[in-house]
Amino acid sequence: MNKKSSKNLKKGVVTAVAVATVASQFLVGAPFLANAAETNGSETAQKPTPRALALWTNATLETAAVTPLNLDTQVGGNLRLDFWINAWGAGLAEDVYMTTEIPVEFRALIEAAYEKGTLFDALNQTGKITSLGIFGGSISFSKENLTYDKDSGILSMKADQSLTIPAQSTVSYQMNLDYKSLYNDLKVPIPDSQTGNGYLIKVGENSKGFISIQIGDRGAEAYTAEKQAIVGTGGLPALTGVSDTLVQVNEAFDPLAGVKATDKEDGDLTNKIAVNSDVNINKPGVYTVTYTVTDSDRNETKVERKVTVSDENIKGTVAPKTYQLGQENVTGSYTGDVKTVALVVNGKKYPQVDVRADGSFSYYAEDKITSATDDVRLIGYSAYDKVLDDKPVKIGNQQGTITPAAYTVGSSTITGTYTGDVAFAKLYVNGVLQSQGGSFANGGFSYYVNPNVIKAGDIVTIEGYTKDGQTSLTEKVPVKVNGAATAGTITPNSYTVGNSTITGSYTGDVARARLTVNGKVVSWGGTFANGSFSYYTGTGTIKAGDTVVLTAYDKNDKQLDQKTVTVNGGATQGAISPKTYAVNDSNITGSYTGDVAKARLTVNGKVVSWGGSFSGGSFSYYVGSGAIKAGDTVVLTAYDKNDKQLDQKTVTVSGSATTQGTVSPNTFTVGDLEINGTYTGDVAKARISINGKAQAWGGTFTNGSFSYYVGADKIKAGDVVTISAYDKNDRLLDGNKTVTVKSSTSQGTISPDSYSVGNVTITGAYTGDITMARVSINGVQQAWGGSFENGRFSYYVGANKIKAGDVVTISAYNELTTLLDQKSVAVIN
């Protein structure tokens, strides 16, 4: 069979009639699919062209080509197998075998039916053998002539009649397999040929109980995966918690909260749920959430859920003030969830406008309300146009204006002018009502305020009312707030070069200052308290001859004063004279003159450090042991306190750094914590190497003996260990001396008690250095373990681990896992 034939056999029910002829040397009882090469051109057994399942069955797929067929829709009542062949040579009366290769998915079921003896009974012969209309005749088969090869999947039946098939004719025969009867009888799952997973065919209760698949040579060629003809054993996955729901606008909504997906085969599929949602929780309405989940058999469940976003809890009120004819706006306040308001005049609604964040609203109405008899209403809406409140607007004929003058912080009155019927006012600071009242006469007014109520930067408004204080005649009119006048002076003291601060005194409202040096602003700052100030400059910022200015400001950065700072201090000078330095000394000493305050140490051209103690003409500079060696070039540079260089001198280095010494390590026993031994000469420290890897510096060297701590288990038997000796300046004196390592000598015995089946521990006695054990059961090693104390041991094996007849041994080890003893354990019931 060629590769193309093999591919087609995997994709559909491929059948053929195999006819034994002399010309083709077909043997009776050995049917097979023939091709041109095998028949030497005498005749060719052709297989039908596979057709898409939807065409074979006239079935409708549920969604797409990759989803299973809904077998409930099939009405054919059977699995129809068509057998056919083209015959090209003259035929004689010959034995005829009807042969078909069963698809991979159906083979397990067919094999079970064949072995049970029910396969032949399920085959219904409803067709006739025909040949291009040239002849027709009946053909029959007997049960004893049916064979099935489970390895190849070939189903073959020898006809009861011999037929003569004319040349150049097509022979076909139809046979129907009662699939449902076999399936209901045997319940054999249908495995997927691609994945190996088992499936069960789902057959509707009201169907005829057959799967109808016709295979022939008609129609377009197509291939369809076998999964399309099968439905998962577990059925569709189930979704719960997806019932329709009601939520309030602006409330949190999680479409997956409480939603679960389960499947009989796959279990919990909740994390596989795909959600498609158009819910806008901020807008009332009815929305749809679609949940989709697919199991491992590609069975898909999709559920639509209605989510109603309600605004029934959205509430609010509006309170319009009396509107005076000719007034520009209808004003008032609101509460709750009001977002917009609209004006309705004599039944005509005007556009909605946004309310203010401070709880008030203003709606331009001068061109809309023209008569005291107008019917005016003010409607409040939610963010999504739900009517929350509807109030009438009173109309009055009184008018007036109020015009406040600028207010200066700290004053006790607000003054200004008014017109019309204004005789009362209300004062608001940062949107909060502070007080009400005022004195109004002859077009001018005066309004008392506490001097501490209004501060610079506050938002202040005043609103004019009728005499009774009930009817507003104006909107809230802004009051301009001017800061209180500030004043102050600054008097800096003389500054000495090298100091870190400028000090002095101040008066008035000075709160900070600005430092300018030679016309360049350096910084802002200063500490001002109780008439004195301090301004940090840092050392080196101001030098002799600099022009220094301090400018004083109030807390709002208003300039109050500016003064020049007198700078004292001329050029500094000094010299340094270091003494000869002896190698291994920790300090360089010497004398100095003048303004020397610090020094810098340079060794072989590299700056090492800054420092030194300079007092009374003498200095000491710490260098540390080992920093300077014989032959080094050492320089000390002298500076004043402002880091001005004053002098530089070379330091004479004397003395020899030659040291010597040896180290002799004792033999090290595995398990010891230290390496011990003796030394000579100037040895001050050591370093060991284990298998070529250097370890930490260390060791205690006293009176010719030394010890070097290595720690537990650091060195093991077989390790290569060396030790090297150094002087206090890390100079190598004696290197890579080998440390002899020997194993620790330990011994011990173990004596297990008899073990009773069902016990969870093996117990017994031990002697010597045993610290752990290992049990073997029938040659299988168990875990390391055991508790060894005061000559008794216990080893946990667990319940039912050891059974009667098992061969059990226990091996005893020291802390280095060296085997010390091994004994058999007697197992008793």
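Here the Cβ of each residue, glycine as well, is placed from N, Cα and C on the backbone.
Note that the coordinates shown come from a computational prediction; the quantities given were computed from them, not determined experimentally.
Positions annotated as signal peptide by TrEMBL: 1-36.
According to TrEMBL, the feature domain 'Pesticidal crystal protein Cry22Aa Ig-like' maps to 238-309. Look at the domain 'Pesticidal crystal protein Cry22Aa Ig-like' (238-309): DSSP puts its residues at 3 helix, 37 strand, 32 coil.
Marked as domain 'Bacterial Ig' by TrEMBL: 316-395 (among others).
Taken through DSSP, the domain 'Bacterial Ig' (400-479) splits into 0 helix, 45 strand, 35 coil. The feature domain 'Bacterial Ig' is assigned by TrEMBL to 400-479 (among others).
Among the features that TrEMBL reports, domain 'Bacterial Ig' is placed at 488-568 (among others). Predicted-model confidence for the domain 'Bacterial Ig' (488-568) is 92, expressed as mean pLDDT.
For 574-654 (among others), the entry in TrEMBL reads domain 'Bacterial Ig'.
Positions annotated as domain 'Bacterial Ig' by TrEMBL: 661-742 (among others).
As annotated by TrEMBL, domain 'Bacterial Ig' applies to 748-828 (among others).
Secondary structure of the domain 'Bacterial Ig' (316-395) per DSSP (helix as H, G, I; strand as E, B; remaining residues coil): 0 helix, 43 strand, 37 coil.
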